[in-house]
Structures are given as structure tokens and as C-alpha cells.
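See structure below.
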Amino acid sequence: MSLCLRVLGEPLRGFLLHSGKRVASCFSTAGFDLPDWFKNPEDGGPCAGLGGDGDGDDDFVLPAKSETLEERRETATGSGARPLSILASCPASHEEAEFEAGLDEVSRILSSRFASPEAIVIAMDCCHVKVSKRLVDKVLHRFSSDWVAAFGFFMWAGTQDGYCHCADSYDSMVDILGKFKQFDLMYGLISQMHEVGGLVSLVTMTKVMRRLCGANRWSDAIDAFHKMDQFGVAKDTKAMNVLLDTLCKERSVKRAMGAFQQLTGTIHPDESTFNTLVHGWCNARMMKEARKAMKEMEEHGFSPSVVTYTSLIEAYCMEKDFQTVGNILSEMRRRGCPPNIITYTIVMHALGKAGRTQEALDTFEKVKQDACTPDASFYNSLIYILGRAGRFLDANFVVAEMHRTGISPNVTTFYTLISAACDHSQAEKALKLLVQMEEQSCKPDIKTYTPLLKLCCKRQWVRTLLFLICHMFRKDITPDFSTYTLLVSWLCRNGRLVQSCLFLEEMVLKGFAPKQETFDLVVAKLEKRNMHSAMRKIQLLRVQVAGNRRKSNATRW
């Protein structure tokens, strides 16, 4: 079975039929194993099979490891090296091997498409894995973009002898249901948590309010706050701040201000309350309102802090108004509130994005003058600026400086380096960085792969693209909306309609709503190739998405 049909689901096998003949899928590998062209190099050299077989699909060789130039010369002379692997490492113990086998068994069952969570509960009855919190957390993470699979497994796991869901697992499931706007099920689960015995916490209700605001249900989020005490969660200053922060982050600062004015009679604000409102007004670029909030802050006995001023600075940086930024920095010093490393990071990053590279780098001297200690975010921003300018040696020096000061490069560091390398068409460097991440046990995320996928699409490196997709799935990373759109559009434009349709269907099944132009592109290409059966199925997907959108707009909890 092809990888797409194994990993992405069964329903679109019909897409593989064209003009009465079965079209071969280039996703030909079993499970999560490396494809044959990667596992069995033609000439025995490291990753040699990736170099191409004359079909023009790919003429790029993955680096064997993050090696020095001298080591690479040794590799060329015959000392083999381990390729970038998507295979799980050997289990450290029998218990670990048993856990991995159980996880794979559950994943195999859940990877089949089911009409409902209840159908999954029935299908899971044949599964005899030992359920544990670790297994539940791993499965929920792996299937966080498939609420039916996640919720069906969650329901089944809760019925197994010797296991009870803990608050953390419930919270994860609440978040997944909220993510896919399954609000009735979400509230049913919260009621169950309450009945089980006080498992609902502010963490739970924070996820609820954030997901409601993310669905533009601001009034429902405010209502959820008011009903928190029904679940034993206190409506105190901390909870109010969560509500205000959620509303502000979802572009509804005016509603946040209204909620604040309504609640101040019963809940006392603190410094964080006003900082949240200032930040919300700044994000909305309503600077007069932000200053008014600062004045009200002082009237309540709180002095504007470095957090307050940094919100102002960030807003003016977004507008590239660096003169006002300088004035605010001077005001901070006059008021005995010097900038911190976060303030400087924001200013430096904005200058770098505006193309004012030298001014951005000069910020480093000001950091030292103010005796601020650089953190990972500051170094990452510095790496971004240098990488954007193509100064990779300097960027590598900054990475070395991070190590010297005891700061480990994180996923953002690697993403920044990979993105810069891809922007400058240094593909080998970018892929070596992915290898380094694996060597340093730094888990990638979807952003890590995005520049690599875009580069593969740009350079027509099909097999490298497919390898990266395999690598993502093995790392429990599923595409987001932008990545799905990229893959669907590029595969379609390059005549790989089978894979394009598979990703489009998977995108819809995962709860994403593709843009109309994405549907139009695929339908036009299918029509041109006389793939009428597949075209009808894509049109049905379009109708399904439109129906889901109407239902989402009409339904309110």
C-alpha cells in the first residue's frame, strides 16, 4: 500500500484510477520506512540513491551527516555514514519496545477512516495494548489534527481496566475538540471532568476561552468565564486576566475593555491587567487608547513597567517609526525603567527586517552598555538578521557564542538557520541542519520543514520532498493549513494529480477549509486530463467544506 493511503487514509483509492488504468503512486514505501531509493543506494555510497535515476525528478544528494569537510572527504573514499533517518531508534528496553509496538498498533487502527468516534471505540475492542498516561498523551499528540480519531481513542482508553484519565489528558482532548469547533462535545467532556471529581481547572477554561475566541465566538468566551464557578473554578484576578488576554490576542480589544469595565466592580485589577489592555490596544495600532490605559493604570496605583513600554515600542517598530521608538527608549530611562533584553530584541529584529542591518547589529552594543544578558530569543533574532544578509559565517559564530554562554540552540534557532539557507539556495546546508537537529535531540516542528518543502517545490526535487513528508510523519508532525495548500498546489501544477488530490482530501478530513482558488486549480487540472471521476469527488469535497462553513457560522453554543 502506498504511503499516502497508509498514512493519509483509505477513501481516495479511486483517485488512483484514470482512464481505466491504475496510476502508480510515487509514495511507494511501507509504513514509515525509508523508500527503497533511499535505503538501497545504487552505487553503495551514502545516500547515493537520492541523486536521481535519469528521470529528472531530483538531482540533489542529502548529506550523510553534519560532518566537517575533512570528514566528507573520508566519506567519499569509502567509510560509510548514517543517512538522515526517519526510523525509530532501537528501544532501550523491553518495556520501551512494548510501548512502541502498542503505539504503532493503535496508530495503525486510527489511521483508517471512521465515520464517528463511536465506530473507533468498536474497532479498538480488538486492540489489547496496555493503556497508560504516556500512551494516551502520545496518541493525542500524534492525532491532534484528527478529532474523530483522537476522541474515539480517548473514549475507548477511558473504559480500560486499571486506567483513568488524568486532568492533563482531559485538557488535551478539550483543546483538540475546541480546535475543530466541536463545542458541544467539548462542554460534554468538561461536565464529565467535573462529575469525575474536580478535574476542571483554570488551565481547562483557558483552553475553552481561547478556542471560542479563535472561532470568533467572543460572547461565548465571556459567557464561559462567567460560568466557570459552576465547575469549581474561581473568577478571580488571574482568571479575568486570562479572559482579557484571550480577547486581545484574538483581535477583540474593545470587547476586552468592555469586559474589564464590567468586572472591575467585583474583581480587583493588577499590573498584569493593565499591561494586557495596553498590549491589546498597541496590537490594534490604537496608540491613543494605549496611552489612556497607561494613565488609568497609574490612577490605580501601578507605574508603567518595562513590559508596558515594550508593548508601545513593539507597535511603533511594526510601523517602522524608529524615531518614536528612540523617544520612548529615552522616556524609559528618564523614568528609571531601563529597557530589558526583550525590548532590545524587538527593536533589533524590526531594524533587521527593515533592511537597516548595521543599526540592528549596533543594538548589541547597547545591550552590553545596559548590562542586559542575551537570551535565546535575542541570539535567534541576531542569527535571523545575519542569515537574511547572507552572512552565514557570522551566524555560525553566534551559534558558537550561544553554546559558550550555556544557551542551547532551540527549534527557533534551527528554523531561522534553515530558512536563511533556503532563501539563499544553500540546500545542502539546510538539510545538514535538519540532521544536526536530530543529533542534538531538538524536535522539529512544522515551521522547520516549511522552507525545505518550499525549496524542494521550487527546485522540482520530488523525491526529497517525499522523503521530508515521510520524515514529518515519523516525527508526529502533521501539515498545517499553509503546508497543505503548498503541497496540493505544487503537486497539482506539476502534474502529480493523484498525490495532490490525496492531500486535498486529507486537508478537508483534518478540518481545514481549502481556499476556493485551491479547489479551482485542482478541478481545472483534472478536467484538462479528463479525470472526471476524480473531479466529481473534488467537487463533493468543495460542497462539504461549504456546508461545514455554513454550519459553523450558524451554530452557537
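Each Cβ is built from the backbone N, Cα and C atoms, and glycine gets one as well.
Sequence annotations record features per position, and here TrEMBL assigns repeat 'PPR' to 201-235, 270-304, 305-339, 340-374, 375-409, 410-444, 480-514. According to TrEMBL, the feature domain 'PROP1-like PPR' maps to 358-520.
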Go through the chain and flag residues at least 6 beyond the ends of the repeat 'PPR' (201-235) whose CB is under 8 A from any CB in it; none is fine as an answer.
167, 170-171, 174-175, 178-179, 181, 183, 186, 190, 193-194, 242-243, 246-247, 249-250, 252, 255, 259, 267, 552, 556-557
Residues of the repeat 'PPR' (480-514) by DSSP state, where helix covers H, G and I:
26 helix, 0 strand, 9 coil
The repeat 'PPR' (201-235), counted residue by residue under DSSP: helix, strand, coil:
26 helix, 0 strand, 9 coil
Per-state residue totals over the repeat 'PPR' (375-409) - DSSP helix, strand, coil:
26 helix, 0 strand, 9 coil
Just to be sure I understand, if DSSP states are collapsed into helix, strand and coil, how many residues of the repeat 'PPR' (270-304) fall in each?
26 helix, 0 strand, 9 coil
